[in-house]
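Listed features, source Swiss-Prot:
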type	residues	note
ACT_SITE	Glu231	active site
BINDING	His230, His234, Glu268	Zn(2+) binding site
REGION	446-862	region 'Translocation domain (TD)'
REGION	488-537	region 'Belt'
REGION	868-1073	region 'N-terminus of receptor binding domain (N-RBD)'
REGION	1089-1297	region 'C-terminus of receptor binding domain (C-RBD)'
MOTIF	1266-1269	motif 'Host ganglioside-binding motif'
SITE	Trp1268	site 'Ganglioside-binding site'
Amino acid sequence: MPVNIKXFNYNDPINNDDIIMMEPFNDPGPGTYYKAFRIIDRIWIVPERFTYGFQPDQFNASTGVFSKDVYEYYDPTYLKTDAEKDKFLKTMIKLFNRINSKPSGQRLLDMIVDAIPYLGNASTPPDKFAANVANVSINKKIIQPGAEDQIKGLMTNLIIFGPGPVLSDNFTDSMIMNGHSPISEGFGARMMIRFCPSCLNVFNNVQENKDTSIFSRRAYFADPALTLMHELIHVLHGLYGIKISNLPITPNTKEFFMQHSDPVQAEELYTFGGHDPSVISPSTDMNIYNKALQNFQDIANRLNIVSSAQGSGIDISLYKQIYKNKYDFVEDPNGKYSVDKDKFDKLYKALMFGFTETNLAGEYGIKTRYSYFSEYLPPIKTEKLLDNTIYTQNEGFNIASKNLKTEFNGQNKAVNKEAYEEISLEHLVIYRIAMCKPVMYKNTGKSEQCIIVNNEDLFFIANKDSFSKDLAKAETIAYNTQNNTIENNFSIDQLILDNDLSSGIDLPNENTEPFTNFDDIDIPVYIKQSALKKIFVDGDSLFEYLHAQTFPSNIENLQLTNSLNDALRNNNKVYTFFSTNLVEKANTVVGASLFVNWVKGVIDDFTSESTQKSTIDKVSDVSIIIPYIGPALNVGNETAKENFKNAFEIGGAAILMEFIPELIVPIVGFFTLESYVGNKGHIIMTISNALKKRDQKWTDMYGLIVSQWLSTVNTQFYTIKERMYNALNNQSQAIEKIIEDQYNRYSEEDKMNINIDFNDIDFKLNQSINLAINNIDDFINQCSISYLMNRMIPLAVKKLKDFDDNLKRDLLEYIDTNELYLLDEVNILKSKVNRHLKDSIPFDLSLYTKDTILIQVFNNYISNISSNAILSLSYRGGRLIDSSGYGATMNVGSDVIFNDIGNGQFKLNNSENSNITAHQSKFVVYDSMFDNFSINFWVRTPKYNNNDIQTYLQNEYTIISCIKNDSGWKVSIKGNRIIWTLIDVNAKSKSIFFEYSIKDNISDYINKWFSITITNDRLGNANIYINGSLKKSEKILNLDRINSSNDIDFKLINCTDTTKFVWIKDFNIFGRELNATEVSSLYWIQSSTNTLKDFWGNPLRYDTQYYLFNQGMQNIYIKYFSKASMGETAPRTNFNNAAINYQNLYLGLRFIIKKASNSRNINNDNIVREGDYIYLNIDNISDESYRVYVLVNSKEIQTQLFLAPINDDPTFYDVLQIKKYYEKTTYNCQILCEKDTKTFGLFGIGKFVKDYGYVWDTYDNYFCISQWYLRRISENINKLRLGCNWQFIPVDEGWTE
C-alpha cells in the first residue's frame, strides 16, 4: 500500500509536530536549529547544506578536491535563500511521490519507516533500553508563543539534508560513537542522507553486444528518484545494522566502457546489484552474512535481558515486540527471543539482494548504469523537476506522450536537451596530473613540456594488500562443517508480495528526553588535496604519443608527420603511426579538379591501414595481431615499436603491459580433521566435508587469481584498447581537418564544381574505425586471456595440487586411524578420496565474472586449445576444412549436401558418393592401449517409416568410422540407439549405447539436433554424453591395443533403407579424455548463440512457414475461430501402435515471421535473432494474409490476440519482439508486445472474458497475451513449462506424417 506523504511549503509555520526546529548532529555551534519537515512518519527533510565534518572553505572549488576519480560540482551559493529551500523541499516531496507510485518503492519506504533503530548501542548496558543516544534521537526546539522554548528529544529513522560541499556527491551515513558503528553492529541508527536533486550524474550507454558500434554509445543522465532510492537502500541497511563499513573490494573487471577501477566498498556493490556483487568472493560473502547473523543473535540476547529504560515513556514490552517483528525473531513459550536461521536468511536476502538499484530501475523503467564501475561524464543540472512537462511522477523524464520513452530517450542528453543545462567549467573540478619532461626549445627557451592527464586515464593497478588472505588460513573440518556459499537471488516480486517482510506495527511515540552527550560522537575529518599534481618523467609515454595526435581547434594548414617530436613542437603537425605513403598523400596539395579523387585515395588508405591485421605463427592462442599498436601508443621499447609483430611473437602478451604485476598465489592453508572416536557417521561426514571444502579451495583460489588478473592485468589491456580508440579517433579527426583545409583553399567557383558529401566522409572514417576497433578487441581480449591461462592459472594449479597431495595423505591416514570403527567402509572411503583428488578442477571463467565478451574469448580458448582438438571440421568459404591446426585434408563425395548456416552442417545420403574422408596427420594417430581420446559431434536423424518399423529397429548402420586392419572405432545407429564401438587388434569389441524412446508424444531426439560426446579412458571407462549430460558408462579396461586409421570416414554403411540420411555438424576429436565439466562447457559453447532456433534446432528464419508449438500445453494446436477473430485450441492427433507413438505436428494455423520496420536486425541474412522486432503473419486462414494484433486500449491483465487481415487500424498494434528469457539452452522463445509506456505481456494460452454488450462470454485455452507470464518467468519454478514458451515448426523432410 502507498505510504502517506505530506506536502509542505518552506514558509509554512512551525507547529512543533511535523514542522519543527531541529538541532542537527552536524551542529556548527550552540543554539543552531534548522527548519525540518516530516514528510513521512520518522522521515524528515532539512533544506540546508550538510556541514557535518566539513570546514567552511571546503565548499569552494578553489580549495582542491576530495576525490581523485570523479567530477566534483561546487556552488557555495546553493540552498541559501528561502526560495531555493522551498524548491528543494517540494522537489524532494515529488521524488518521494514518484518512489511511492510503484509497489516496490512503497515496500521500500514502508520497511524504512518500520525499521526503528534499537534503543541503545554498544555502550548501552545490555539490560537497558536508551532512547536519548545519538544513534536513536535528535533534539528539537518546542516553540510556544508567550512561553519559554523547550528542548525535547525526537526519535527518527532518517533525516535528509541538502548536499555537502560537492553537489554531485550524494551520500548516506550515520554516527560513529566511541569507535563503534551501530549501523554495522545490528543495532541500526538514525540515518542521514546528503542529497542534491538538481544535480544529475551522467553516464555512458553500455551495450553488452560486442558488435555494437562504439559510436552508438550515448550519454544518459540519471533519474534523481533512482539516485535517491539507491541512498534509501543504504538507509535500510543501516537501520537494520547490516550496512557494510570499510570493506573495499577489488573491482570485478575493467571493461572498455569502465572508468574508475579503484577498490569499491562492498556496500556499494550489494546496493547497486546486477552482476556487481559477483566480484565479492564466496568466503567474503559468507563472512558478511555470518557477521549479520551474529549481530542479530546478539540483539536477541539483549532483548532477553532488557528490564529497564533510560528515558521517560519507554514501553519496554512494546519495543520488544517492535524488535521481534523488525528482526523476525522467534519467541519460545518462556518469552525468550532467538534467530530462526530460515527467517533470517529470507530477511537478509530481501535486504541485500532484493532492494538493489538495478532491480528498482527495471521496475520504474529507468535507464541506469550497467555497472557501478561504469564511466561517469561531467554532471549536469536541472531546475525543471517540478515542471510536469519535463519530469512526471509516474514516468520521470521518459514521457511517452513526448515520444521520450523509447530507448529511454527522456534521459538521453542528445535528445532531451530541454530538461537540463550544462554546469559552467568554473564550478567543475577534476583531479589532474601534469606529466612533464625536460625539453629546450630554440625559440622560446622553455625548459619543460607538460601533458595534462586525467587521473582515471592512468593505468590502474590494484594494491596487492586489497586481495583476500583467506586461502592461507588453516581450517578445522568437522562432521557439520558447511560450505561458504550464499544464494544471492531475491526477486523484486518477492519483496512486493511477501507479507512476512511487512511488520504491520503501530509506531510508538517518537518523543523522548533531549540528547546531551555530544562527546560520544566521533566527528569525521575530511581532507582536500590539490586538483593538479605535477610529476616529471624521463622519456615519452603513451600520453605524449596521444597528445601529439591532437591539434588546436583553430589551427590551419594541418599536416601529418611520422615524427613524434615534430608533432609535439608544432601545433600544425599531427603525429601518425600509419605509413609514410599515407602521410605524403594527405599532405599533398591538389587542385580542385583532383580534390574528389584525392579525398577518396586518402580515405581508402586510412581504411586499408587502420583495418590491417596479421596472423601469428609462434603464439598459438592469439590468432591475430594489430601491428600499429606499438608505434601508436609507444608500446614496448624502441626496437619493439618498430617491429611490433616480431617483438610480440618473442615476448608474448606481456610486452603490451606497462607494469608486470606481482602475483599473489598463497600456499593453501591445511585442514585439521576433527577426531570422533567410535562415531562412524561423524567420521564419514568429516571426510565428505573435507572433500567439499577442498573443492571450495580450488574455487576460491581461481577467484583470487581472476580478481588479480582483472584488476592488475586485464585493466591494462582494456586501457590500451580505450587508448587505441582515442588514437584512431585522433587520426580520423586530423584527416577530416586536412580535407576541410584543402577544400577551404579553393575559390567559391571551384567549390561549386566539387560534388562531395562531407557527412559521407565522416561516416566512412567512423566505419573504418569501427572495423579497426573490432580487430583490436579480438587481439587485446586474446592477449589478456592468454596471459591469464599461461602466466597465472598454472601457478595456482601447482599450489592447489600440492594442497591436494597433502590432503590426500591426511585423509588416508585419518581413514587408517579410524579403521576399527569404519570396518567395511575403509576401502570404499579410500577409493572415494583417490577418485576425488585424482583430477584437477577445471577452470571456468564464467564462474568469476559476468563479462560476456571475456567469457566468449575464454570459451574459444578452452575449445580451441585446452581441449586439444586434433580434428575439427568446419565449412568455410564453400569448402570443408580442418580448423584444429593439424592440417587434415578432406575428400568430399559428390552427393554430400552442405548447409553453411548453423556451423557447417552436412547431409549424408545412403548412396555411394555421399561420403567424406578426413585424412589426419600421422602425428595424431592413436595406436596404443594407453591413449585416451574423445569425440564430439551433433547429429540429426529423420523419423522412422511408420510402415517398416521393424527394419528401422533391427538394421544397424555405421555413420562415422576409423578402422584399420579391422581394429579401431565407429559410431553407428540402430533404430533409436546411438552406438559407440571400440575394436581391439584381437577382434575383441566393446560397445556402449544411448537409447531414446520412440513412444513419447513429443520426442527430444527424432529429427532434432542433439549433441553426442564420447570420452575414452583406456584404463577406465568409455562414457557417452548427450547434450552435455552423462547417459551411460562402460568399462573398457579389458581391451587390448587398438589400431586407428589415419582416415576418418563419414558414410552410411550397411544401411538397408535407400531413403535414409543423417545430418552432422561440429565434429571434433580431442587428444585426451574430457571430463564432465568440460563436456558440459563444450555443449554450452556450441549451443549458445543470439540466433533463435526452430523446433528441429536449425536457425529460425524470416519469411518461412511455421506451425506453432506451445511448450506448456504440448497436446494442443491453434486454429482460427472466426466468430471472434481469434485463435482457439484443439487437441493434437496421435499416431499410436504397439511399437511407436507420436503426435502430429503439422496442424493448425501457419505463421510467417516478418521483419518489423523498426527491427534492430542489421544483418543481411534472414536469420531471426534474440530481441528482433517482428510481425507475425498467417497465410492459411484465407487467400489474403492475416496478422496477429493486440488491442491498443486493452486494460486487462490477460486478453485475446486478434487475427485479422493486414491493416493499419490505429486501435490495433502489430509490432512484437521475439525474446529468449532463459540462459539454459533451449529452443523455446517468447513473444513480447510493448507500446510506448504500456507492456501488454507475452503470448500464451489462457482464459479471458469478452463483453458483447448484451452478454459475457468466457473463453478458456485460447490464444492470448498476458502480463502474468512476465512475473512468472523471473521465478525458478518449472519455468520451461510455462504457456508463454513457443517453438516454431517448419515442414521438414526428416518428419513425415
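A Cβ is built for glycine as well, from the same backbone N, Cα and C atoms used for every other residue.
In sequence order, Thr172, Glu231, Ile233, Glu267, Thr271, Phe272, Glu357 are the residues of the same chain, not among His230, His234, Glu268, whose CB sits within 8 A of the CB centroid for the Zn(2+) site. Every protein chain considered, the tally of other Cβ atoms within 10 Å of the Cβ of His234 (Zn(2+) binding site) stands at 23. Of all the recorded positions listed (Glu231, Glu268), Glu231 sits in the most crowded Cβ setting, with the most other Cβ atoms within 10 Å. Within 10 Å of the Cβ of Trp1268 (site 'Ganglioside-binding site') there are 17 other Cβ atoms, across all protein chains. Each residue contributes its Cα atom, and for His234 (Zn(2+) binding site) and Trp1268 (site 'Ganglioside-binding site') those atoms are 31 Å apart. Note: the motif 'Host ganglioside-binding motif' (1266-1269) comprises 2 helix, 1 strand, 1 coil (DSSP; helix = H, G, I, strand = E, B). Looking at Trp1268 (site 'Ganglioside-binding site') and Glu268 (Zn(2+) binding site), their Cα atoms lie 32 Å from each other.
Secondary structure at Glu268 (Zn(2+) binding site), taken from DSSP and collapsed to helix, strand or coil, is helix.
Predicted-model confidence for the region 'Translocation domain (TD)' (446-862) is 77, expressed as mean pLDDT. Just so you know, the Cβ of His230 (Zn(2+) binding site) picks up 23 other Cβ atoms within 10 Å once every protein chain is counted.
Taking the Cα atom of each, Glu231 (active site) and Glu268 (Zn(2+) binding site) are about 10 angstrom apart.
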